[in-house]
Amino acid sequence: MIKNLVVIESPNKVKTLKQYLPSDEFEIVSTVGHIREMVYKNFGFDENTYTPIWEDWTKNKQKNPKQKHLLSKFEIIKSIKAKASDAQNIFLASDPDREGEAISWHVYDLLDQKDKAKCKRITFNEITKKAVVDALKQPRNIDLNWVESQFARQILDRMIGFRLSRLLNSYLQAKSAGRVQSVALRFLEEREKEIAKFVPRFWWTVDVLLNKENNQKVVCANKSIPLVLREINPELSASLKLDFEAAENVSGIDFLNEASATRFANQLTGEYEVYFIDEPKIYYSSPNPVYTTASLQKDAINKLGWSSKKVTMVAQRLYEGISVNGKQTALISYPRTDSIRISNQFQSECEKYIEKEFGSHYLADKNKLKRHKKDEKIIQDAHEGIHPTYITITPNDLKNGVKRDEFLLYRLIWIRTVASLMADAKTSRTIVRFINQKNKFYTSSKSLLFDGYQRLYEEIKPNTKDELYIDLSKLKIGDKFSFEKISVNEHKTNPPPRYTQASLIEELEKSNIGRPSTYNTMASVNLERGYANLVNRFFYITELGEKVNNELSKHFGNVINKEFTKKMEKSLDEIAENKVNYQEFLKQFWTNFKSDVKLAENSIQKVKKEKELVERDCPKCNQPLVYRYTKRGNEKFVGCSDFPKCKYSEFSNPKPKLTLETLDELCPECNNKLVKRRTKFNAKKTFIGCSNFPNCRFIKKDNAAEFKQ
């Protein structure tokens, strides 16, 4: 007899939870993710009731070929049902979001009626003993509003994704479209258009560098003193006929052509005299709040150089628990959240740590602490922001005890969390003004008065040597400095940058598109489909991606756009809050969407017949050549229109031949000639092997240790 059965979705959590729940009272089992899916037939829902149609679990006996070590869904469900029948209490403890709520509902729905009465739903935002024990003390019923919101999202994605994917596959040989992925693709295409139509503005500046010494007094220890031109002598400007701009929003003088800048620079001679020193101005820099999913993705991608997928994977490991000094420990709170809230208890623990390690003067002013505020955007399921589970476990404690990736991401999260509750940094900025032949210049000196939260970033912050510090105690009005260098420099405005994975996620979040659980796929799915490539971390849309976006925009512009997707996310939130009936919502959308699809099918079918001809014939069968796309969709090539009867093809970047040259030397095993070949996976590496491969697998001894056929 099992006293308490705890059902979770991830097998990786089992080991962590077992430390907190005594084995004689609790048994923990995992669903290994979603326990059942909608059927694929008819998009997986009933068109009369708009309810999901679930697959028959008794027939799902096939194992995932990539995870053969795991049980099939049939075996998992059968095991859970058997254990549930033998249990006194059943705690459904899947993740604290809508996906997790749906997983718990599926387990509940599959149980025998007598076992359903034993079920209670529990959630915890972090896997610590206190959080788990507290959750067991506060069980609740499954929130059917959350479940229905997840149903609606799943059906909506099927409605849009399946129908559009079929159209694209038949017309463009493109693999898929989707409610959110296609909006992300549209962002990429719109940015390409902005770049294409961008016209740069050119201007020139006259930049002066002064020697850092004045009468053998070094006033600037780390570098020369750079001056910014602020005002030109009117008489000089008139005599030289200078073309320049000194707009209010420009800090210096912009010359409109190089000739004017050069004429002015040639007039600058002699010494530069200090004529005024402004009163210092005090500036305060506040720390950022704790991480959300989107801000963690952005920072980890930018600072660690990771992909969005990697950030998600490592964060999940830290949440579920890893081995720390031989003990399984969950290190961070739930990593899928759009909240910046933290509990009062955790805040108190952090403040005690800060006071102990740095002193009470490093604590943030209570009146200035940024509290969690709800704006128009709904914070999904009232999670906390991402933070360490134990603030006393510092990054240094983990440095040599966990994987490098786990350490780096934990360090980002730990520093951001502690810094969010520390005092502002305080900086003084003083403007020093110089004059030369009635032309006025200035420079600014910065000095850090109190480091505050920035103290935590000393080890990982960028180099700040470029910041200018002038020892004002050694400087007075009337001091004169000689120039070290005067230069004329060209500048131009740059086009908007292409998106990186980080900036795309940031843009999608700003537009209220997607949810924390989907940010990873939103950034990566267009790469996987061949609609875009990453070059030096920037997205470049492919020709196929352009065609897909153009067709979707042409026929489904009312669906594949930012405002519609934002509206859909809001509707899903309203379903979760019991403000909207999910079946009525789906019915209204499906009725309108089907008519759009019908119109698009007629239009696309007409275009489909018009193949893109190359205007020459196949050299093998004399049929016309046409343009095609590779299976992945990211490479265009020339192929025969009579495919598959004729398989002739031409690639603009053909794969290098593996065989480089035939040698005079014979194979000692089969007497065929030896050849020099490239390795299959690295074209730069070569080896010598038998030309009779694969019948003969001889490799010359010098290479045998490195290459195996």
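Every residue number used here counts from 1 along the chain in the order it is shown.
Placed from the backbone N, Cα and C atoms, the Cβ positions cover glycine too.
The annotation active site, O-(5'-phospho-DNA)-tyrosine intermediate is assigned in Swiss-Prot to Y334. Within 10 Å of the C-beta atom of Y334 (active site, O-(5'-phospho-DNA)-tyrosine intermediate) sit 26 other C-beta atoms, taking all shown protein chains into account. Taken residue by residue with DSSP, Y334 (active site, O-(5'-phospho-DNA)-tyrosine intermediate) is part of neither helix nor strand, so it is coil.
With a 10 A radius on its CB, D95 (Mg(2+) binding site) counts 22 other CB atoms from all the protein chains. Under DSSP, D95 (Mg(2+) binding site) is assigned to coil, being neither helix nor strand in the three-state scheme. Taken from Swiss-Prot, the feature Mg(2+) binding site covers E9, D95, and the record attributes it to sequence analysis.
Sequence annotations record features per position, and here Swiss-Prot assigns domain 'Toprim' to 3-127.
As annotated by Swiss-Prot, domain 'Topo IA-type catalytic' applies to 143-598, with the evidence given as sequence analysis.
As annotated by Swiss-Prot, region 'Interaction with DNA' applies to 176-181. Outside the region 'Interaction with DNA' (176-181), and at least 6 residues removed from its termini, the chain residues within Cβ reach (under 8 Å) are 156-157, 160-161, 164-165, 167-169, 508, 513-514, 518, 521-522, 525-526, 529, 548, 552, 559-560, 565, 568.
Under a cutoff of 8 A between CB atoms, and with a sequence separation of 6+ in the same chain, the neighbours of H34 (site 'Interaction with DNA') are E9, E99, A102, I103, H106. Taken from Swiss-Prot, the feature site 'Interaction with DNA' applies to H34 (among others), supported by sequence analysis.
Within 10 Å of the C-beta atom of R153 (site 'Interaction with DNA') sit 23 other C-beta atoms, taking all shown protein chains into account. R153 (site 'Interaction with DNA') falls within a helix when secondary structure is assigned with DSSP. Positions annotated as site 'Interaction with DNA' by Swiss-Prot, on the basis of sequence analysis: R153 (among others).
A simple way to gauge crowding: the CB of D157 (site 'Interaction with DNA') has 17 other CB atoms within 10 angstroms, across all the protein chains here. Annotated site 'Interaction with DNA' per Swiss-Prot: D157 (among others), in sequence order, evidence recorded as sequence analysis.
Here Swiss-Prot flags R336 (among others) as site 'Interaction with DNA', drawing on sequence analysis. Around the Cβ of R336 (site 'Interaction with DNA'), the number of neighbouring Cβ atoms within 10 Å comes to 25.
Among the features that Swiss-Prot reports, site 'Interaction with DNA' is placed at R529 (among others), with the record citing sequence analysis. Around R529 (site 'Interaction with DNA'), taking its Cβ as the centre, 24 other Cβ atoms fall within 10 Å, counting all chains.
If you look up Swiss-Prot, you'll see 618-646 (among others) marked as zinc finger.
On the 0 to 100 pLDDT scale, the zinc finger (667-696) averages 78 in the predicted structure. What Swiss-Prot records for 667-696 (among others) is zinc finger.
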Using a 10 Å cut-off between Cα atoms, which of these recorded positions sit near Y334 (active site, O-(5'-phospho-DNA)-tyrosine intermediate): D95, R153, D157, R529? D95
So of all those recorded positions, D95, R153, D157, R529, which one's Cα sits nearest to R336 (site 'Interaction with DNA')? D95
Near E9 (Mg(2+) binding site), how many other Cβ atoms are within 10 Å of its Cβ? 20
Integer Å value for the Cα distance linking R153 (site 'Interaction with DNA') with D95 (Mg(2+) binding site) is 17
